[in-house]
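Engineer: Annotations for this protein, taken from Swiss-Prot, read as follows:
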| type | residues | note |
| --- | --- | --- |
| ACT_SITE | His224 | active site, proton acceptor |
| BINDING | Asp223, Glu373, His466 | heme b binding site |
| BINDING | Asp225, Thr299, Phe301, Asp303, Ser305 | Ca(2+) binding site |
| DISULFID | Cys130-Cys143 | disulfide bond |
| DISULFID | Cys244-Cys254 | disulfide bond |
| DISULFID | Cys248-Cys272 | disulfide bond |
| DISULFID | Cys352-Cys363 | disulfide bond |
| DISULFID | Cys571-Cys628 | disulfide bond |
| DISULFID | Cys669-Cys694 | disulfide bond |
| CARBOHYD | Asn25 | N-linked glycosylation site |
| CARBOHYD | Asn104 | N-linked glycosylation site |
| CARBOHYD | Asn131 | N-linked glycosylation site |
| CARBOHYD | Asn238 | N-linked glycosylation site |
| CARBOHYD | Asn320 | N-linked glycosylation site |
| MOD_RES | Ser313 | phosphoserine |
| MOD_RES | Tyr480 | 3'-nitrotyrosine |
| SITE | Arg370 | site 'Transition state stabilizer' |
Amino acid sequence: MKVLLRLPALLASLTLLQMAASTRNATRTATIRETVDEVKVQVNKAFLDSRDRLKTDMSNLAPTVRHLSGYLKQAKGRTRTAIRVGQVWEQSLKRLRRMVPLTNVTGQGLDLTSLSWEVGCGHPAPTVTCNISNPYRTITGDCNNRKNPELGSANRALARWLPAEYEDGLSLPFGWTPGKTRNGFPLPQPRDVSNQVLDYLNEEEILDQNRSLLFMQWGQIVDHDLDFAPETEMGSDNYSKAQCDELCIQGDNCFPIMFPKGDPKLKTQGKCLPFFRAGFVCPTSPYQSLAREQINALTSFMDASMVYGSEPSLANRLRNLSSPLGLMAVNEEVSDHGRPLLPFVNVKPSPCEVINRTAGVPCFLAGDSRASEQILLATSHTLFLREHNRLARELSRLNPQWDGEKLYQEARRIMGALIQIITFRDYLPILLGDELQKWIPPYQGYKETVDPRISNVFTFAFRFGHLEVPSTVSRLDENYQPWGSEPELPLHKLFFNTWRVVKDGGIDPLVRGLLAKKAKLAHQDKMMTGELRNMLFQPNHTVHGFDLAAINIQRCRDHGQPGYNSWRAFCGLSQPKTLEELSAVLRNEVLAKKLMDLYGTPDNIDIWLGAIAEPLVRRGRVGPLLTCLLGQQFQRIRDGDRFWWENPGVFTEKQRDSLQKMSFSRLVCDNTGINKVPLNPFQPNSYPHSFVDCSAIEKLDLTPWASVKK
């Protein structure tokens, strides 16, 4: 009876508790919503202001290197949306964390699910619905993995093979707070490291006697197919990029690279090189880590996305949709001796026009926004554009019943195979040398459980190629002799330099230079040419250049990269602790001492620098750590790709046999006026030795595609 009497009171108490809990939850939700709404207004305004300022700056008579770099690194379309939402998430999280003790907003912890919902973290990349009968890749990379359709798609976070390491555990990079140490030692300034470790005189440059300039350029092509992390914007309308650029004020997403005492750039460029942090995305449920994760704006697959784009809107803009032949759009204003060039961008003015206002030639439009960054890259993009259209026309001749969409998709699929085959057959063996089989064994077929995403550390590992860039680029005539009045041009004059292609010889002289000239040798004592270390994006004497080495080091910290020894441990390599041990690993006591004097401990050496400092493996062009990191990544790219060219069902057996005949030399023969090419374009060749007529180079036979039904 007593229990029955107490029951109404118990129910009343439970009701009151439920009402109180409901009220608290409503208060928390309202507080989260109010906070997010305030942050959205602030961030959206900052993003709009930043874009408007960049347009204004680019219209000025004398834009700075920051403006040129900002144009190159700006996020667009869905990428910009994803980065903006990521910024709203992070700033809202920081505000709410400060409010917790005052308002008890989230009780035991922040309601991250509600926060994610209010921010709109799922909106930039909505849930994917896949057509399982579609025989072609999506432009975005979605639906490659049927169990996890988003795996490897564009505008997702780069994968972490080791947890991020930030100064505050969340987003601040090491080196942000003055006086704060890492592993007991202060971090050196990136520019100081660059000056002391990577500097050498251009005239002392050592060229690679066994690798052509194409070896360097192919690496950049592959990189631009796999990853791109655009810069984020300032998160506050009270703090602009101009303040970062002109006043070197660190704050928000500005992380300037300060010049050390005595640096010659102090006289010409003020106190610093402006540096803006990479764009990042929202964390995902179950929120095991809230550390900042940088975006990959591209698909992680080797799918020729630098030709076709990673967003549907861009992909459509790159096509000639009025043609029934599945063609890519070409430039309707200019051509290269009757051969097509890439279309111009519709942004006015573009950096390429700013560089040479007299010539007035805009930048080129391609699947990757960096296509006009340097002239050899623009040349490569031009070859790929021409090859797609050649393939589409030939496929149409063989299959007149195919419509434009099928012709486009089939040509696109063959282009993806071209990139894959040249990379794995011709490029990686001479990059990884004797370590190739250890890290990339023979293909055993598609594995659904393999994660193909590009890792955060790969974006630094693949920057080894910066050490292979020579100080000059050569243009050669039909006899592979110096072409024109300026046959050899310093690299810094070829940034954003499309006018040289349009008005000064076209791409053929540049392609010959790729085939016949040598890459720079990555050498411990002569690491990076001054054209990149002091004159990056410096097109003329009125614009002072960036330091690519210092940028790479600062970017390691921006991305929260673990140090050198953490990655050595990841790869099963020894972890040197003393000068003697580091000297043994590097086989170079002088270099080891420089690094120890700068960093105090090998644990702190930035991963990019530590990796490129190692001696090269036998018959390769990277050291043991890089062979591990690069080898693992490329194996994952291959084995985790359902559309890999060797995977049964992607191509027929006869088609695969035909595809193996593709080569860079054949690409040149079919798409330029060049008729003499080397048998092995990745090794330096001295004309006429090792050169043959194009008739001796095997052609891709497309007859296996005749009337093939997919």
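Every residue, even glycine, has its Cβ placed from backbone N, Cα and C.
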Engineer: Quick check on the recorded positions: of His224, Arg370, His466, whose CB has the lowest count of neighbouring CB atoms inside 10 Å?
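Structural biologist: Each of the recorded positions His224, Arg370, His466 was scored; lowest Cβ tally within 10 Å is Arg370.
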Engineer: Distance check, please: Cα of Cys628 (disulfide bond) against Cα of Asp223 (heme b binding site), rounded to an integer number of angstrom.
Structural biologist: 17
Engineer: Let me know the most crowded of the recorded positions, choosing from Asn131, Thr299, Asn320 and counting other Cβ atoms within 10 Å.
Structural biologist: Thr299
Engineer: What residue among the disulfide-bonded residues Cys248, Cys254, Cys694 has the most other CB atoms lying within 10 A of its CB?
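Structural biologist: Counting Cβ neighbours within 10 Å, the top one is Cys254.
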Engineer: May I have the list of same-chain residues other than Asp223, Glu373, His466 whose Cβ is within 8 Å of the Cβ centroid of the recorded heme b site, in sequence order?
Structural biologist: Gly219, Gln220, His224, Arg370, Leu377, Arg463, Gly465
Engineer: Tell me the Cβ neighbour count for Cys130 (disulfide bond), meaning other Cβ atoms within 10 Å of its Cβ, over all protein chains shown.
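Structural biologist: I count 13 other Cβ atoms within 10 Å of it.
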Engineer: Given the disulfide-bonded residues Cys254, Cys363, Cys571, Cys669, which lie close to Ser305 (Ca(2+) binding site), meaning Cα to Cα within 10 A?
Structural biologist: none
Engineer: Once the DSSP letters are reduced so that anything not helix or strand counts as coil, what is Cys244 (disulfide bond)?
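Structural biologist: It is helical.
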Engineer: Report the nearest neighbour of Thr299 (Ca(2+) binding site) in space among the disulfide-bonded residues Cys130, Cys272, Cys694, comparing Cα positions.
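Structural biologist: Of the disulfide-bonded residues Cys130, Cys272, Cys694, Cys130 has its Cα closest to that of Thr299 (Ca(2+) binding site).
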Engineer: Just to be sure I understand the packing, how many Cβ atoms besides its own are within 10 Å of the Cβ of Ser305 (Ca(2+) binding site)?
Structural biologist: 29
Engineer: Could you state, as a whole number of Å, the largest distance between Cα atoms of any two of Asp223, Glu373, His466, the listed heme b binders?
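Structural biologist: Looking at Asp223, Glu373, His466 as a set, their Cα atoms extend up to 14 Å apart.
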Engineer: Report the nearest neighbour of His466 (heme b binding site) in space among the recorded positions His224, Cys272, Cys694, comparing Cα positions.
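Structural biologist: For His466 (heme b binding site), the closest Cα among His224, Cys272, Cys694 is found at His224.
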Engineer: Where among the disulfide-bonded residues Cys143, Cys363, Cys571 do you find the Cβ with the fewest other Cβ atoms within 10 Å?
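Structural biologist: Per-residue Cβ counts within 10 Å for the disulfide-bonded residues Cys143, Cys363, Cys571 bottom out at Cys571.
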Engineer: Would you pick out, from the disulfide-bonded residues Cys272, Cys669, the residue whose Cβ has the largest number of other Cβ atoms within 10 Å?
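Structural biologist: Selected residue: Cys272.
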Engineer: With Asp225 (Ca(2+) binding site) as the reference Cα, tell me which of the recorded positions Cys244, Ser313, Tyr480, Cys694 is the closest one.
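Structural biologist: When the Cα distances are compared, Ser313 comes out closest.
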Engineer: Enumerate the residues of the same chain, Asp225, Thr299, Phe301, Asp303, Ser305 excluded, that satisfy the criterion Cβ within 8 A of the mean position of the Cβ atoms of the recorded Ca(2+) site; list them in sequence order.
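Structural biologist: So the additional residues around the site are Arg137, Gly141, Leu226, Leu298, Ser300, Met302, Ala304, Met306, Ser310, Gly416.
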